[in-house]
Each structure stands twice: as structure tokens, then as C-alpha cells.
Amino acid sequence: DNATLNRFFVLHFLLPFLLIVLVVFHIIFLHDVRANNPVGVESNIDNLRFNPYFVIKDSISFFIFFIFFIYFVFFVPNMLGHVDNYIEANSLVTPVHIQPEWYFLFAYAILRSIPDKLLGVLALLFSVLILFVLPFIHNIELRSTSFRPVYRVLFWFFVWNFFLLTWLGAKPIEEPYIIVSQLSGLFYFLYFLFFMPFIGHLEKILLQI
């Protein structure tokens, strides 16, 4: 109804301000903890000042991103859109196959792979909220994958699984996409809740030997 629509409009208006607050907190914590280097070995000798090195480095990255952003906005604005968005709304006809934007497809694949609605919604929420517990799960001193071959293989398998979930989210709700989505979703949660803590704990034991 109209009230729900207004609430969503307010939510979309407030989210950018919430993101700004999160960015400020990120900068504060980054200033306190410092950024990790690719090797993963902390040393005061290798420290670099934020200005001018990181300012120039981030400015170049922002400039490259801005070029692609302008290209998509002004030249191909419909490239990442869905064709159903151009169909006139009809409350009597529901599209056969609906899907969210591409950056939500991985969570959407997890949602619809679970038959129970409540469990599906909870899995959808936890697929995003689980990222906030990463600092407590991934608490090993050596976080770089340079000296962690087992974790490196597992990490790249997780990346592949994430893109697989994104691809599955755009597919119809039918076999074999359902069972593959269930297996991929299961690995998604096992990676954070089991494999990452287990490998970290195992590496701590091996470092003490």
C-alpha cells in the first residue's frame, strides 16, 4: 500500500547517510588499528604515511572508478537493468520469473533455495549479517594468504562459490538449480562458521609446535 511505499522511500533516503557514518567509523578504526600489508607481517619499518602515498593511490582508483561510472550512467544506463522494468505495471499479471538487482542475487539464491519461508528469510538476513562477525571469527595473527596455502585454496573456492550463487540467483526456480543453490548456500555459511575458525585454530596450534 501507499504507507509501505513511503517507508521504503524513507529507507532509501536514510541509507546513504548511514553509509557515511559507517565510512567515518571505518576511517577511525583504520587509523587506530592500521591497514594490513599484503605479506601479513607487521613491522614499524615498513609503515607509510597516509599522505601523500595513500591519497594519490586512492585518488587514482577513484578516478578510474569515476570513468566507468560516468560511462554507465550517461552512455549505457540500461545495460545493467532488467527488461521487466520496462513493462507497464499490471496488478493482475505477475511475472513468471522475478529477480533482484545483480548485487543481491547471491542472497536471493540462498533465500529461495529453502522451502520454508521463515527459514529462507532468516538465511537471507544471516547471509549479510554474518559479515559483521568476521573480526571475531578471523582472529588469527597472520591474516595474509601468502603463508597459508590451505586457507588460500579455500578462499578462492569461496569466491568461485559466491559467483556461482550470483549466477544461480538469476536462474528459474527448478531443478537442478534448487539443489545446487542449497549446496552452495550451505558452503557459504560453513566457510564463515566452520572452515575459517577451524583453519585459524589449527594454524595457531601448528605455530606453537
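All positions are counted from 1 along the displayed chain.
Keep in mind that glycine also has a Cβ here, set from the backbone N, Cα and C atoms.
Unlike curated records, TrEMBL annotations are generated automatically.
Feature list (source: TrEMBL):
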TRANSMEM  9-29  transmembrane segment
DOMAIN    40-209  domain 'Cytochrome b/b6 C-terminal region profile'
TRANSMEM  60-80  transmembrane segment
TRANSMEM  117-137  transmembrane segment
TRANSMEM  149-170  transmembrane segment
TRANSMEM  176-199  transmembrane segment
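Taken as a whole, the domain 'Cytochrome b/b6 C-terminal region profile' (40-209) shows an average pLDDT of 84 in this prediction. When each of 60-80, 117-137, 176-199 is scored by its Cβ pairs under 8 Å to the transmembrane segment (149-170), the top-ranked stretch turns out to be 176-199. Packing against the transmembrane segment (176-199) from elsewhere in the chain are residues 106, 109-110, 112-114, 123, 126-127, 130, 133-134, 137-138, 148, 150-151, 154, 158, 161-162, 164-165, 168-169: each is 6 or more residues past its ends and has a CB under 8 Å from a CB in it. Sequence-distant contacts of the transmembrane segment (9-29) (same chain, at least 6 residues past either end, Cβ-Cβ under 8 Å): none.
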